[in-house]
Amino acid sequence: MKVSSLNKTLILMVLVLATLTTLALGQSNRGGGGGTRVGFYRSTCPRVESIVQAAVQSAVRANPTIAPGLLRMFFHDCFVNGCDASILIDGASTEKTALPNSLLRGFEVIDAAKSRLETACPGVVSCADIVALAARDSVVLAGGPSWQVPLGRRDGLVSQASDTANLPAFNDPISVQIQKFADKGLNTQDLVTLVGGHTIGTAACFTFSYRLYNFNNTNGPDPDINPAFLPQLRALCPSGGSGSTRVGLDTGSVNRFDNSYFANLRNGRGVLESDAKLWSDPTTQRFVQRFLGFRGLLGLRFDVEFGRSMVASFL
């Protein structure tokens, strides 16, 4: 009897551990997103995608600048300890308060979607999944591609401003950009593809005005800037002017998700130094050329590759 009782206890413990492990894996967003899958909420919250889409659509129609804001929010969240919505956590010295995140917008859209989801299916959908869906829906509303979003991420409980040092910076050289993306399991093609998200949105003058006047103490502009483009940037960001003025990252197509961003890089019209280096550095230039359909190179379709990289990279 004692042996039988012991065996039953051991079996019960094994079953409990197996169940807990399955639940953890089923909702984990780490290690390549092994637990995420399309249709994760099919039985528990079947309207999740339409509810998030409605919230994003309402916000973007009222203010198109929300679309790039939501896309950046997703990137900035995922680059810091995975896609766990830790960027949403309020408080002193959280990720939200860090300088790279200080200009992000769209937090109220996530709040609105979460509120509606809590009414439809309380306690079911993670904020991390809402952020992921909102990023996809923003791209679609800006004229870009759609893709199926694997869901099942878990929300993080830790958020530290110091962790944002992992984020790609506006003045990172290509070698640093490549390393930062490699640290997340992403290759150079993923880097060029995902940075192509700058086809929508703006940058504050303080992130690039140093390129316009005394770049690297040369008493002149960054040579990567097309001389014909320089007066336009200087007019928008005069020396000693406001560093908060916003300038489109994709000149002529700031609210449209398309291929013109790469054409602007080729033409010396990259606004951020880190963007301009995608063309001036041979390591990344070949991928820009492939997106532009250069003769003799195997072409890449930006609309296809962006969705692929979003799924493969940020499960």
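Just so you know, the numbers here start at 1 and follow the chain as drawn.
Placement of Cβ uses the backbone N, Cα and C atoms for every residue, glycine included.
These come from TrEMBL:
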{"type": "SIGNAL", "residues": "1-26", "note": "signal peptide"}
{"type": "DOMAIN", "residues": "35-311", "note": "domain 'Plant heme peroxidase family profile'"}
{"type": "DISULFID", "residues": "CYS45-CYS121", "note": "disulfide bond"}
{"type": "SITE", "residues": "ARG72", "note": "site 'Transition state stabilizer'"}
{"type": "ACT_SITE", "residues": "HIS76", "note": "active site, proton acceptor"}
{"type": "BINDING", "residues": "ASP77, VAL80, GLY82, ASP84, SER86, GLU95", "note": "Ca(2+) 1 binding site"}
{"type": "DISULFID", "residues": "CYS78-CYS83", "note": "disulfide bond"}
{"type": "BINDING", "residues": "PRO168", "note": "substrate binding site"}
{"type": "BINDING", "residues": "HIS198", "note": "heme b binding site"}
{"type": "BINDING", "residues": "THR199, ASP250, ASP258", "note": "Ca(2+) 2 binding site"}
{"type": "DISULFID", "residues": "CYS205-CYS237", "note": "disulfide bond"}
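Here the features listed in TrEMBL are placed on the structure.
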residue: CYS45; record: disulfide bond; Cβ neighbours (10 Å): 19
residue: ARG72; record: site 'Transition state stabilizer'; Cβ neighbours (10 Å): 22
residue: HIS76; record: active site, proton acceptor; Cβ neighbours (10 Å): 21
residue: ASP77; record: Ca(2+) 1 binding site; Cβ neighbours (10 Å): 28
residue: CYS78; record: disulfide bond; Cβ neighbours (10 Å): 24
residue: HIS198; record: heme b binding site; Cβ neighbours (10 Å): 24
residue: THR199; record: Ca(2+) 2 binding site; Cβ neighbours (10 Å): 28
residue: CYS205; record: disulfide bond; Cβ neighbours (10 Å): 20
residue: ASP250; record: Ca(2+) 2 binding site; Cβ neighbours (10 Å): 28
residue: ASP258; record: Ca(2+) 2 binding site; Cβ neighbours (10 Å): 17
**Request:** For CYS205 (disulfide bond) and VAL80 (Ca(2+) 1 binding site), determine the Cα separation and express it in whole Å.
**Result:** 25
**Prompt:** By CA distance, which of the recorded positions (ARG72, HIS76, CYS121) lies nearest to the residue listed as 'substrate binding site'?
**Reply:** HIS76
**Neighbours of THR199, ASP250, ASP258 excl. site residues, C-beta within 8 Å of centre, Ca(2+) 2** = GLY196, HIS198, ILE200, SER253, VAL254, ARG256, PHE257, ASN259, SER260, TYR261
**Request:** Just give me the nearest neighbour of ASP77 (Ca(2+) 1 binding site) among the recorded positions CYS121, HIS198, THR199, CYS237, Cα to Cα.
**Result:** HIS198
**Prompt:** Taking the Cβ of SER86 (Ca(2+) 1 binding site) as the centre, how many other Cβ atoms fall within a 10 Å radius?
**Reply:** 22
**Request:** Could you say which of the recorded positions VAL80, CYS83, CYS121, CYS237 has its Cβ with the most other Cβ atoms inside 10 Å?
**Result:** CYS83
**Asked** What is the interatomic distance between the Cα atoms of GLY82 (Ca(2+) 1 binding site) and HIS198 (heme b binding site), given in whole Å?
**Response** 21
**Request:** Enter the number of other CB atoms within 10 angstroms of the CB of GLY82 (Ca(2+) 1 binding site).
**Result:** 21
**Item:** Pairwise CA distance, CYS83 (disulfide bond) versus CYS237 (disulfide bond), rounded so that it is a whole Å
**Value:** 34
